[in-house]
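Data block below; observations after.
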Amino acid sequence: MSETKAPLPARPYVPFTFYLMVTDILLVRLVLSRGDGWRALGVIACLGTIAGAGLTLVARHHRHKGGHMGTMARMVCVLALSSLLAVLVATTALGRLDACESLLSERPVSEWELRITTEGRATVGGQRCQASVSVDGVCRGDVWVTTQDEYGIGMTIRGVGRFSPNANDESSRSNRLRGIAGSVRMVRVQETREPEGVYALVMAAREGALRLIDPDADDARAIVAGSICGSRRAMDARGLTDDFATCGVAHLVAVSGGHLAIVSSVAARLLALTALAPSARAVLLLACDVLFVVFCGAPVSAVRALLMVLASSGAQLVGRRNHSLSCACVVAASMVLVDPFAAGQLGFLLSVSSVVGLCLFSPYAAYALRALLPRRPQSVPWRLPCGRALSRAFDAFADITAATLVAQVVTLPIVGPAFGSFALVSTVANLVLGPLFELLITAGLLACVAPLAPVRVGALLVCDGSGSLAADAVRRMSRIPLASLRVDVPGWVLWLVVVTASALLVWRWPKVNPRKVRIALGGAAAVLSVLLVRWALFAPPSVRILDVGQGDAILVQDGPSAVLVDSGPDERVADELARLHVFRLDAVVLTHLHDDHYGGLSSLCGVVRCDRVIVARGVREHLSGEAAEAVRRLVGDRVEEVSWGDGLRVGNFGLRVIWPEQDVDGSHNADSIELYLSYRDGDRILTGLLTGDAERDETGPAVSHAHLGKLDFLKVGHHGSEVSIGDGTARTISPELSVASAGEGNRYGHPSATCVDTLERVGSRFLCTKDVGTVELLPEDGGFLVRTARPRLAPDVA
């Protein structure tokens, strides 16, 4: 930190290898995603033409080898040849994958050998992991494997199972990009075999380290296991993986370059105590890095970092200047040419893009922050030890903040479409957790390698302390409203914006004018504040039946009050709330415990702040599994039970429970909470009935016992099933509008023609979210206004 203005860093040098890497990755992904032979042949022909033109230019300018045109010609030639090679290897890999799918479809699973290559993750059907499959002693490819029991990395299994090849859906297209031929569900495992050789020794050391760490003990040990051994099982079970992702700090746990740097630092200090020659120490240091990467399961980010270390060491050995960006690009391009399916792996793309972005823009971002932040006060004695410590802390703050912002921006086109979110608390989380993780990883490594028990115990105590602080901090930050912002922008738009902005920045490389930037940021903050106040405090009264696919989610909102009735099957409910600018909920009412009504609950964590979750009386003690974990992450232990006659206010809306009439466990459709909705504000009146998955045997008595009459609208029960409502009940409530929530193309045939006919016979207009999208009802004088996501199909009932 200096008294002078922050100096503008030098414009980054963009090496030719950068363009090679980008071209290779794009072409490989194009071939793997399309898979059409004629497209690949067309691309090969075009590249061959370019290569020929490049060779011609080289021949023409061979007399001017040092000239500009000769250099350009050689670069064009190399680019064309590299692109040609990328297309060829991708086409060959795709052919091998197709052949693998065909072979595996013809041969029974009992003839296969499956070698586990990744740690299993708990799913509804069992433990799911990735495995390489061998038939007739030849490795054919990779598949997903689901087993009842968990098997360690490197183990080989044989048995009876069912193979499902890739179909034509989004999941299968993702599998093909990653080189996965399909999925296998093992019915019975008949034979297992442990790994052999050096790999077996490394895996045995890994298992020993996991036993020492004991990841199931608490949150701190789970984080240590994930950071040191690459084992996320305990973190997944405790919901920590989702919390880290919400805060944008999943990279701290993912074994990558940062972890490798700590390993190298610790190993280098230990080797410095020996009498070995420098060359021997360097070889041993590289060996330690290799063993650590294998030890943690060889994730792609760690492999990329290891290869960069090897490339950098090789450059130094031959006397070449080390250039991080060139090294990263060479390594990435080589990985794609050796294994084309690496270009389809999310971890590889995130790792490469973040490293490239940091090499290019991290110095400029740090410069901009130093220019924008206030100057240091002259009264502080900066030359004294305390002053120097503050100066170093300021520099570290600027560097970490700059690196976090750069990494977030350059990876947004990948993270946005993949996860649908952008972590707003990432910068703060990195500043808080970064030092804790350096301490945790160093102590964890020491605990794993220390020969003396007292040293191991002391190191584990340090892990417990730093890990507990990290877990507590990440849980608290993940529950902050707007900790994560939903991103609903097409990936190509994000790529266009980021690439254009990056190119302009490298081209212009402007000096930062602090005054102008502060004025712009202040104006943007003022506009955003006005919008946030408008969205948070002055939302118009409305009832929205959200389009969340084959599930239920109804938002009732009036001013600063909002209640969500059910949360749909998945993260689409979070997308809808983000689109509607809802950042806080008074409560989430779970009508019953079916996953199409609570499945989206976990996606709300960090996106909205929720005060409590409401369930029917008797259900709280039956909360378990995914539902209990999602509730815990969202509201902690703030779970309330309601019963017949209980009410809930949402601004001028009233919600009254009219079913169930006794204690339930929430496991059946008949246990669904049914709510009578009413709104009154002067001449604006709206009445309706929300039914969950209740059907005519429940809704009929509920309407009768609550003495309900004609209603303005009905949220049709059980997605409009054939028995969702009876003729008598329909005549009693005679809703002007009936709305069913169902997914397009659902296998149940919802809504049924019987349900539609029953309601239309009493004069009700019928809508379904699969046809018109989200349906919005707004009370008005003398009626109510209906809006839909596809307005051309909306009825006029006002």
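Cβ from N, Cα, C; glycine included.
All annotation found in TrEMBL is predicted automatically rather than curated by experts.
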Correct range for transmembrane segment (source TrEMBL, candidates 12-32, 264-284): 12-32
Ranked first among 12-32, 348-369, 489-507, 519-537 for CB pairs under 8 angstroms with the transmembrane segment (71-94): 12-32
Non-local residues, at least 6 beyond the ends, that sit with Cβ under 8 Å of the transmembrane segment (348-369): 6-9, 12, 14, 18, 21, 25, 251, 256-257, 300-301, 304-305, 308, 324-325, 328-329, 332, 335, 342, 398-399, 401-403, 405-407, 409-411, 414-415, 502, 505-506, 509, 512, 517
Mean predicted confidence [pLDDT] for the domain 'Metallo-beta-lactamase' (550-744): 92
Spatial neighbours of the transmembrane segment (12-32) far in sequence, C-beta under 8 Å, 6+ residues away: 39-40, 43, 75, 78-79, 82-83, 86-87, 89-91, 93-94, 176-177, 323, 325-326, 329-330, 332-333, 336-337, 340-341, 343-344, 349, 352, 356, 359-361, 363, 506
